[in-house]
Structures are given as structure tokens and as C-alpha cells.
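This report refers to the structure that appears directly beneath it.
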Amino acid sequence: MGASQSAGTEHEFQDMADRTGFSLEQIGNINKRFRQLSNNEETLSREDLASIPALDNNPIRAQIINAFFDKRNLHQNETGTVQEIGFEEFLMVMTHFRPAAMGLTEEERENLRREKLRFLFNMHDTDSDGTINLEEYRRVVEELLSKAGTIGQETAKAIADAAMLEVASTTRGKMEPDEFYEGITFENFLQILNTFDIETRMHVRFLNMDTATLRCGKSK
Amino acid sequence: MSVRVALHSPSGSRSFLERGLLLLVILILLEGTVLTLGAASSPDIGAQDNTGGHDHRDDHRGIEGSRGNTNYTYTKKAFPVLSLDYHHIQVPFEISLWVLLASLMKLGFHLIPRLSSIVPESCLLIVVGLLVGGLIKLVGEEVPPVLDSKLFFLCLLPPIILDAGYFLPIRPFMENIGTILMFAVVGTLWNAFFVGGLLYAVCQIEGTYLSQVELLPCLLFGSIISAVDPVAVLAVFEEIHINELLHILVFGESLLNDAVTVVLYHLFEEYSGAGEVTPMDVVLGVICFLIVSLGGIAVGAIYGILAAFTSRFTSHTRVIEPLFVFVYSYMAYLSAEMFHLSGIMALIACGAVMRPYVEANISHKSHTTVKYFLKMWSSVSETLIFIFLGVATVAGPHSWNWTFVSVTVILCLVSRVIGVVGLTFIINKFRIVKLTTKDQFIVAYGGLRGAIAFSLGYLLDKDLFPTKTMFLTAIITEIFFTVFVQGMTIKPLVDLLAVKKKQEAKRSINEEIHTQFLDHLLTGIEDICGHYGHHHWKDKLNRFNKKYIKKCLIAGERYKEPQLIAFYHKMEFKQAIELVESGGGVKLPSAMPSQVSMQNIQPKKLPPAVAERALPQFTKGREEEIRKILRSNLQKTRQRLRSYNRHTLMADPFEDGWNDFLLKKQRMIELEKKMTEMSNYLTVPAAPPDSPTMCRARLASDPNAFYNIKASSDGVPTIQVDLASPQSPDSVNMLNEFSKRGATDQDLGQREGADRDEDQGLMMKPSSAGKEEKGEEEGGNKNPGLMRCLSDPGPSNEDEEDEPFLP
């Protein structure tokens with residue numbers, strides 16, 4: 001997509017807009033931001049994202065950055081990570097954060113829900129084996145509390161254990177002592193976050209106006 | 001009386017007789033109440049009428065009238081001490097009677113099976129008020145001006161608003177603040193001017209005999225009638241369980257429109273006196289609005305911070321903690337009212353500001369007290385307000401004007417619908433989660449009017465507004481229309497439209513984790529996208545709050561606690577309390593979700609062979625028996641610790657429930673450990689792979705370690721179940737605390753139960769294996785965190801190792 005800098009861009013953007021549901025203006029904005037982040041390169045590397053100063057304070061910064069390079073979020077059936085992403089991939093990750101449109105049918109809503117939760121699930125499931133096991137869950141909570149100093153680290157484990165226990169008991173019911181709960185599968189994940197209105201909560205506002213001039217975030 | 005009516009209504013199948021009897025009792029009591037209130041005879045009004053707001057409420061000398069003749073003699077006092085002096089207690093007595101009436105009515109409604117699900121409570125209460133008022137009138141007494149403005153604004157309204165403000169769901173409120181403000185400010189303004197203006201136009205039509213009504217009074221009337229009432233909205237919306245978004249939209253609007261109403265009311269009242277309005281006045285009005293609303297918020301926030309700061313130092317006088325919450329809030333309200341600022345906004349701000357800090361500072365019991373007191377006060381106030389509304393309606397005076405009243409009702413509906421639809425059209429352009437047509441309908445339809453409007457109308461000066469009675473009549477009609485017609489039909493309509501309902505779910509730890517996770521994720525994505533949205537600013541604010549404000553306002557080390565950890569501790573604590581309340585440390589109510597032990601979750605490391613370890617199984621009955629013995633043992637210790645002190649609720653600053661629990665748990669674990677140890681030594685003849693001392697060491701540090709021992713002794717590969725997080729400082733602290741404070745208690749208990757423990761230990765020895773399986777799931781590990789916290793290698797465990805307490 002790089003070569004078609006000027007001529008193909010319009011067409012490509014239109015194409016992407018059709019596929020992702022973003023408006024052309026939004027794509028234009030995201031593209032501008034992409035170029036800004038990648039220093040006008042075609043691809044974006046982890047370092048580019050890691051250099052955003054505003055992210056420094058984010059406890060789950062590493063996970064967020066990983067999510068952008070996770071193949072599961074980019075293509076449907078592959079696992080593993082990539083080193084660099086192009087604009088299209090960047091945009092694909094962003095689609096997970098689009099607000100729900102008006103007048104969705106029940107089915108569409110459910111799909112949207114699954115899709116958003118899948119994104120979260122993938123962020124937790126670092127080894128891509130389809131379950132979040134205790135180790136992974138502990139890591140999530142630890143990351144989450146990583147800014148809280150030592151108290152956080154010590155409590156994190158307890159919290160993760162309690163959370164895991166909760167998952168096991170809500171999804172499995174009573175377990176025999178010899179049974180073992182392998183980890184949270186995606187179905188379990190859907191189940192425990194049943195009341196969590198992800199479809200109305202997981203979104204950011206993608207502006208239609210040009211924000212590059214505001215120079216937020218990236219200090220140059 | 002509606003109770004009597006309800007007696008004929010179809011009641012449920014179960015024990016009709018019993019319920020009927022209860023209703024009868026209530027009925028009799030009620031009749032008594034009403035009669036005492038109504039059967040007034042002595043005409044000496046004015047004797048005590050200048051003492052304050054309450055005194056205006058009743059002018060009856062009820063009891064005196066009915067009983068005065070029997071033993072009321074001046075001439076000869078056989079027993080000088082005994083005399084009937086009703087005046088002495090009249091005011092508080094009558095207040096109590098009203099409160100009692102209100103409470104009994106509330107009680108009565110909930111005893112009638114289906115009534116409360118069909119008719120909202122507010123309607124029933126108004127009907128009761130009407131009946132009571134009618135009775136009073138029947139007896140020939142002048143109906144007391146119960147809904148006096150002073151009483152209403154200074155006594156009845158604050159509890160309701162404080163309750164609303166203190167428990168305001170901050171997150172959805174802040175997320176929708178733009179929409180709420182739009183409805184509250186622009187919507188109310190629109191309503192006021194639309195209704196007022198059109199009413200004036202209608203009044204000018206020939207043939208309505210209303211041409212004497214001027215424009216300014218009309219606008220004043222419009223501003224009174226246009227505000228959605230928080231009391232009415234709360235009463236109805238709590239019953240229909242609508243989803244959080246709609247609830248907060250309507251309710252938030254009803255709270256925040258107070259500033260608009262206050263300003264419009266005072267402005268129009270002023271202008272009506274002055275007679276003319278200049279453009280300058282309009283500008284001043286806008287400034288006034290800003291001052292009233294922002295000033296109210298500022299006053300509230302100042303008092304809120306003061307309250308939070310005060311609560312920092314209350315750790316030694318726990319009993320008066322809740323009082324600070326109430327007094328500071330009330331002061332905020334009064335201070336705001338003093339300057340004619342918006343008292344409601346001050347209360348809301350005060351409650352919302354103080355809550356997170358106060359909650360971190362005060363004890364769990366104080367928190368419960370605050371919660372219950374607020375709920376109790378607000379519900380009694382609400383009940384009284386609706387009853388008084390009914391009584392006031394009977395009291396009159398009324399001047400019914402068909403045109404005026406019907407036009408008012410119609411205009412209110414029309415303006416509300418136009419206002420909501422128009423504003424949503426604008427708001428939806430900015431909202432990400434759009435408001436659907438259904439939502440708009442509910443918001444429009446949920447715009448109930450209530451007692452605030454009535455009280456404001458009641459405040460009007462009769463000389464300035466000759467049409468006051470007509471206004472009051474119209475206001476009452478509008479209130480009745482909204483509360484009865486809209487209030488009663490909104491529930492079926494919500495069902496009919498299949499509007500999303502509120503999900504009844506207690507917050508789980510997983511949801512909390514993901515709430516936090518999502519917050520950070522969205523902040524991160526916004527940062528990557530390169531524009532600062534509200535997640536970004538929220539994050540900034542949170543960090544500022546954590547860094548500076550919490551440090552000042554929260555005592556001790558707790559300010560460092562991230563939200564997630566605080567939530568976790570709270571949850572853990574709640575479970576612990578439940579455990580204690582459930583009567584024993586072993587058996588838990590089945591409502592507790594956890595049926596799985598941590599044992600089941602340990603990842604993959606367990607080979608399937610473990611399943612075959614042969615452990616002796618025990619019957620349920622046997623287990624139960626053992627538990628009972630254990631429990632009664634512990635109970636004794638616990639009861640001995642109880643002592644009553646007026647100034648402190650518990651012997652030590654720690655929660656005694658918590659302490660009890662710790663104590664029990666501790667003893668339980670000790671016992672269990674002992675038993676396991678014994679059974680290890682006694683029933684497993686094969687030499688354990690670890691040396692006995694090692695075993696003991698491991699046992700001491702980890703109660704679950706016996707699994708390992710058992711497994712390994714059976715020749716199964718060892719699993720290191722690392723349940724005990726080795727260094728959790730707070731849990732260790734807990735134990736420290738416990739072992740320090742509870743040393744004597746423990747000593748006592750242990751000495752007492754020691755002998756029994758010993759032989760029971762032996763007796764129970766074989767059960768330990770079964771126990772370890774079942775007890776683990778049912779009781780022991782319900783609460784893995786606690787278990788862990790208790791099983792930490794704290795000092796007390798070392799004590800236990802040496803067993804210094806045992807004789």
C-alpha cells in the first residue's frame with residue numbers, strides 16, 4: 001500500500017472504510033496519526049508505540065502494545081506476533097474500539113460483543129492456547145497493579161486467585177476435588193462478563209476533525 | 001382507607017388468615033391514630049404555635065379531648081404526680097404519630113401481595129393522605145398545613161436528596177453528565193418558557209375569565225411546574241428497575257434542574273414585584289444561575305472535603321462517625337439555602353465528594369449505619385411527603401378552573417415531549433451510545449412532578465399573586481396526573497416496549513478487574529490515537545486524586561490502595577462477615593458462589609494419578625457432628641469476648657466480627673492441622689519422604705501442604721501447591737494484630753477447649769481426610785484469600801509451632 005501514496009490512497013481508504021466501517025475522515029485522521037507515530041515510515045514498530053509519552057503511566061502499556069502486534073487481532077486464523085504493522089493492520093486493531101452503531105439487531109449486538117470480548121481475551125491469553133490459565137490471569141492482575149508498588153504485587157496474586165476461583169465456580173458449579181480447572185476458555189469468559197456491557201463500554205471516540213495539529217501525545 | 005380496600009383484594013394463597021389478622025391490627029392502629037389526630041376538641045390554638053415549623057402541623061389536642069373528663073380534676077389531686085398534660089408532649093407526640101402512620105402504611109402495602117406491583121407506592125400514599133385529610137375534615141377540624149414549605153425544605157427533603165447524592169452512581173453520572181445537564185438546564189428552561197408563555201396566551205383568549213392573569217405570574221407558574229421532581233422520580237423509578245442509563249438520565253435531570261428552578265423562581269418572583277424586565281435582568285439571570293449552581297456545588301464540595309478530613313481522625317471514636325456524615329451534609333444544605341444557592345446541588349456535591357474518602361476512613365459498621373440511616377430517613381421522608389401531599393390536597397383552598405388546569409396538564413406533556421425529542425436530536429450528534437426512540441419516550445414519560453413544585457407554589461405570596469389558589473390547584477392536579485397516570489402506566493409500558501432492564505448482579509471480582517482493565521486500555525488507545533478524550537482526562541484526574549487528595553483525606557496507609565485492591569478487600573471482608581453471621585466457620589450458606597477450591601485450579605501440574613489416592617470417606621452425618629462440636633467450642637470463646645460499652649461498639653478498634661472470624665478460622669485451622677498431623681503420623685505408616693520436622697515446617701506455613709504429604713506418602717509425585725502467598729504484609733499484620741490483641745482471648749479459649757481438643761483431635765483424626773475434601777470446598781476454601789491470609793507464616797503460626805498455649 002505504500003507505493004500508492006497519492007493516487008491509490010483515496011481508493012484504498014474508500015476500500016478500508018467499506019470494510020471497517022470507519023468514515024473517510026476518521027481513516028484520514030488515523031492515517032495521519034500513524035505516520036506521525038511511525039515517523040513517516042510505512043510500518044510501525046513496537047518502539048514507535050512505546051515512545052508515546054502518555055503511555056508511560058499506563059500500567060498495562062506492554063499489553064496494549066502487544067495487542068497491536070498480535071496476529072489474532074489482525075487476521076482471523078493465525079497466531080503469533082509480528083514485528084511491524086502497516087497502516088491497514090493498525091486500522092484493523094482500531095476497529096475493535098469502534099462504538100456500536102444505532103439500531104443493531106440482537107444478533108449483531110451479540111457478534112459485536114463477542115468480537116470485543118475476543119480482543120480482551122486475546123490480550124490475556126498470551127500463549128494463544130485458547131484458555132487463560134492461572135499464570136496468565138495472575139500476570140494480568142499484576143500488570144494492572146504494577147503502578148501500585150509493592151502492595152499491589154503482593155495482593156495481585158490473591159486477587160487473581162480469587163477471580164479464578166470465581167470463574168471456576170460460576171462456570172463449572174460444584175467441582176470434585178480431583179477435577180481440575182484448566183483455565184478460562186472463551187465461552188467461560190463470555191459467561192463471566194455476561195453482565196458487563198462491553199458493547200457500550202469498549203469504545204473510544206474517533207474524531208472526524210483533524211487532531212494532528214493539536215500535537216497530543218507524541219512529542220517531537 | 002386503602003388497607004381496608006386491600007382486604008378485599010385477592011391475596012395470595014399462603015396463610016390468608018395470618019395476613020388478614022395483621023392487616024386488621026394495622027387497621028385498628030390506624031383508626032386509632034387518625035382518631036386521636038382527628039378527634040380534636042380543645043380550641044386553644046396558638047398557645048404553642050410560634051415555636052417552629054413543626055408546630056403548625058397539628059392543632060389538635062386529641063387525647064385530651066377524649067380522655068380529659070375521666071381524671072382531669074383541678075380541685076383535688078389524690079395523686080399529685082399523676083396528671084394529664086398533653087400540651088407538654090403534643091408536638092413531638094404528633095410528629096411521632098405521623099411518622100408511625102407513614103411507617104405503618106408502608107408496612108401495610110408490602111403485606112398485600114399484588115397491590116404494590118400494580119400501583120406504585122407513591123400513589124397509594126397519596127390516597128392514604130387524602131383519606132386521612134378527609135377524616136380530619138370530617139371530624140370538623142381544620143386540616144393542618146402539613147406540607148408547610150419550611151418543614152418540607154428543611155426537614156423532609158434533605159434526607160432524600162442526601163441519600164440520592166451519597167449513593168449516586170458516580171460513573172454513569174459522569175459519563176452522561178453532558179446529556180443530563182442538557183436536559184436539566186436547557187430542558188427545564190424550555191419547559192418553563194413554553195408552558196408559561198402558552199398558558200399566558202391561552203389566558204388571554206376571551207371567555208376563559210382568566211384575562212387578569214399576567215405574563216410574569218404565568219412564567220413563574222411555568223418554572224414551578226416544569227421541573228421534574230427527584231422524590232417522585234425516585235419513588236417510581238425504583239420500582240420499575242429500568243436500566244442504569246435511563247435511570248441516571250431522568251434522575252440526574254431531576255437533581256440538577258433544581259438550580260434552574262431556584263433561579264427562575266426567585267427571578268420571576270422578584271420581577272413580578274418590580275413589574276418590568278429589562279434585557280439587563282436577563283443577563284443578570286444567567287449570571288445568577290451560574291452563581292446558584294456553581295456556588296451550591298462549591299459549598300457542598302467544601303463541606304464534603306471537611307467531612308472527609310474529619311473522618312480521618314475518628315478511628316478512636318467510631319460511634320459518632322456516622323453523625324459527621326449527616327451533620328456536615330445538613331450544614332452544607334443549610335449553608336447553601338442561606339445564600340439562596342441550590343441546596344440540592346450542595347447536598348449532592350457534598351455526598352458525592354465525601355463518600356469515597358469517608359468510606360475508606362470509617363469502619364465497616366459505621367458504613368452500615370450510614371447506609372441504613374440514610375435509607376430509613378429517606379424512605380420515611382418520602383412516605384411522609386406523599387401522605388402530606390394527599391392531606392394538603394384536602395386542606396385546600398382550591399379554585400378550580402377547567403381551562404387553566406387542563407391546559408396546564410396538556411402543555412406540560414407536550415412541552416416535555418417536544419423538549420426531550422428536540423434535545424435528544426442535538427445530543428445524539430455528540431453521544432456515542434445514542435438514545436433510541438424508546439429511551440426518549442421513557443425519559444419524556446418519566447418526567448414526574450412532585451412535592452417540590454407544590455411547596456414552591458405554597459411559598460407564593462398571596463398579595464403578590466392573587467391567583468395563588470388557582471396555581472396551587474393546577475400544580476396539585478399536574479402532580480396527581482403525573483404520579484397517578486404516568487406513574488402507574490410507566491411500568492406496563494416499560495414491559496411493553498421491552499426497554500432494557502437493570503441487571504441484578506452483584507459486582508464480581510472479574511468484572512471489577514475488567515472495569516479497571518478496560519479503563520486503562522481505553523486510555524491507552526486514546527493516547528495511541530493521539531487525541532485526548534474523556535478517558536484520558538479521567539485517568540489524569542484519578543492520578544491526581546491518588547497522588548494528592550487521598551493522601552490528605554484518608555488516614556493511614558490506605559490511601560495508597562488502588563481501587564482494585566480496595567474492592568478486593570471489601571469483598572473479602574463481606575464474605576468474612578457473612579461467614580461469621582452464618583453461625584460458624586465451617587458451613588456456609590449456599591448463596592456463596594464458590595463451590596470450587598483453589599485446589600481445582602492449580603494449573604496442570606497435577607498428574608491424573610492423584611485422583612486415585614485412597615482417602616477414607618465419611619458420611620455427611622459424622623462430619624456434621626464433628627463440625628457442631630467444633631463450632632460450639634468456638635462459639636463459647638466468642639461469647640465470652642462480648643462486653644457492652646456505650647462509647648465503643650467493640651472491645652478493640654478492629655472489627656469484632658472480623659476478629660471473631662479470624663479467631664474461629666485460626667482455631668479451625670489449628671485443629672485441622674493438628675488432626676492432619678496426627679493422622680499423618682498415625683495412619684500413614686510408610687515413611688514420608690520429608691523428615692517429620694520438614695513436614696511440620698511445611699504444615700505450619702501452608703495448611704494445604706498436607707495434600708502434598710498425603711499424596712507423596714501414597715507414592716504419587718509431589719505437587720507443590722503454592723497457595724500461601726508467602727509475604728502478604730496486610731495479612732501478616734492481621735495476624736500480628738490478632739495475636740497481640742487476641743492473645744489473652746485465645747489463651748482463654750484454648751485453655752478451655754484444650755482438653756476437649758486433645759481427645760477430640762484423636763477422635764476426629766480419621767475424619768480429617770474426608771474433611772479435607774468436603775470441608776475444603778464447602779467451608780475452608782470458600783475464601784481462598786482469607787485462608788491464605790490466615791495460613792501465612794505469621795508469628796502466630798510460629799507460636800503454634802511451639803504450642804505455648806497448650807498446657
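Placement of Cβ uses the backbone N, Cα and C atoms for every residue, glycine included.
Where the annotation comes from TrEMBL, it is an automatic prediction and has not been curated.
The range from B:379-396, B:559-576 that TrEMBL describes as transmembrane segment is residues B:379-396. When the stretches B:119-139, B:151-168, B:180-202, B:339-358 are ranked by Cβ pairs under 8 Å to the transmembrane segment (B:379-396), first place goes to B:119-139. Taking residue pairs at least 6 apart in sequence, the transmembrane segment (B:214-236) and the transmembrane segment (B:402-428) share three or more C-beta contacts under 8 angstroms. Ranking B:151-168, B:180-202, B:214-236, B:283-309, B:440-459 by CB pairs under 8 A with the transmembrane segment (B:119-139) puts B:214-236 at the top.
Note: the stretches the transmembrane segment (B:339-358) and the transmembrane segment (B:151-168) are in contact (3+ CB pairs below 8 A, sequence gap of 6 or more).
On the 0 to 100 pLDDT scale, the domain 'Sodium/hydrogen exchanger regulatory region' (B:591-694) averages 50 in this prediction. The stretch from B:151-168, B:440-459, B:471-494 with the most CB pairs below 8 A to the transmembrane segment (B:214-236) is B:440-459.
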